[in-house]
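One structure below.
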């Protein structure tokens, strides 16, 4: 083997190459050290790493090429080796998790704000960013709503969903958008009694398996253990009329199972021969239809839609259903969410609860009304204070205290005019988030419905029939009821009442604060104010 290690810049002489005269060609040179005067010291020589020996070059050209049986183990020098398993299993971040994306979010008044988020940002993270920017109170009810105005569809994003992934599935150039608003019904299935969301007649296990277990225990097992019963009931399904080209509505008996959504072609039969498959739960999303009568001709106001994920635009492929009432629709929507996400929904609820408790423990208490559920009426007229237990006495004490406070405030801050106190008391409600000004009855019902038909959601608006009156719109049992508030004047003082003057309040703020603690003539307490937040 010959190694040519001589650099080009070194000179060689014939004496260095030829052997000494008289020495046989086969004889190697003597090992004795040369004389000191003829010593030649070696120099370090650079050897390229890609240099091949002549024998290797010859073998490489003479042997046939053999395919590599493990191509996944080899990679170009400029790339890192490919490791098996997903990035989540290895504890590493996804390759594009640091990629920044722009997400546009709209408020209920139509204002838009662009937010720069990471590619893996969840809906909960985006809501927290918007709450901080809007200087709003942070709670578990904030959410993002995926809205498709062209299709009249909308749904609330779950807290764990990726906002960027949802946005990338939208059609290019469409009018789809995210809306930032409160959704009080998001976790109501873990708060309210089970029979309010899942009626006994709609849970198949209660009717088919007489095991002795109560309906409430069955629903608790459904929510806690992840055992999925069958949801069933009559729904109207939109179909095409033969030869007419019109969309007709027909009533079918439907079943929601873990495997998908079905309807029976023969009455209430559950025979597999009579079941027609509609949609896969894991490959679809359920939406609320907002303008069903106008766009789809829905016979009632309680429509919902099952939209396959692969469907990007157009009405073709949408499965439009119509229920008889709001309770039935809420049951189908809640069951669909539970079947699709399972225990992840309960984890989201627990995380939201822990975040709320942590913020209330670490930070300052949120700004709220003077009235609070922890306050009680006290009487300090004697030598020692006592708790007022009589409701009528407590009401009179609260009214007297509120009037005294307002007299002090008006005397200190207002101008010395006789009607200044009256004007301040009459306009104090305009600064409250629950006051929506002059909106119609239908608009108030729409706003409350968008933020969740939960008991205690309310707003106050100006009356359109009575120029001097107001209306309290309140949700109870998934229905919005309206209560007229009329003003009255007694001895130069203005009062407001909902019961023909039997219970009078100096302003609307006092009326709302009182009914947050006492039902009065209302069917439930005022729990959640329907408010709009500007981004």
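Glycine residues also receive a Cβ, built from the backbone N, Cα and C atoms like all the rest.
From 75, 192, 364, the position flagged in Swiss-Prot as phosphoserine is 364.
Sequence-distant neighbours of residue 187 (phosphotyrosine) (same chain, six or more apart, CB under 8 Å from its CB) are 140, 348, 349, 352, listed in sequence order. The number of other CB atoms found within 10 A of the CB of residue 341 (phosphotyrosine), across every protein chain shown, is 17.
Residue 341 (phosphotyrosine) falls within a helical segment according to DSSP. Confidence across the domain 'PH' (228-341), taken as the mean pLDDT and rounded to a whole number, stands at 88.
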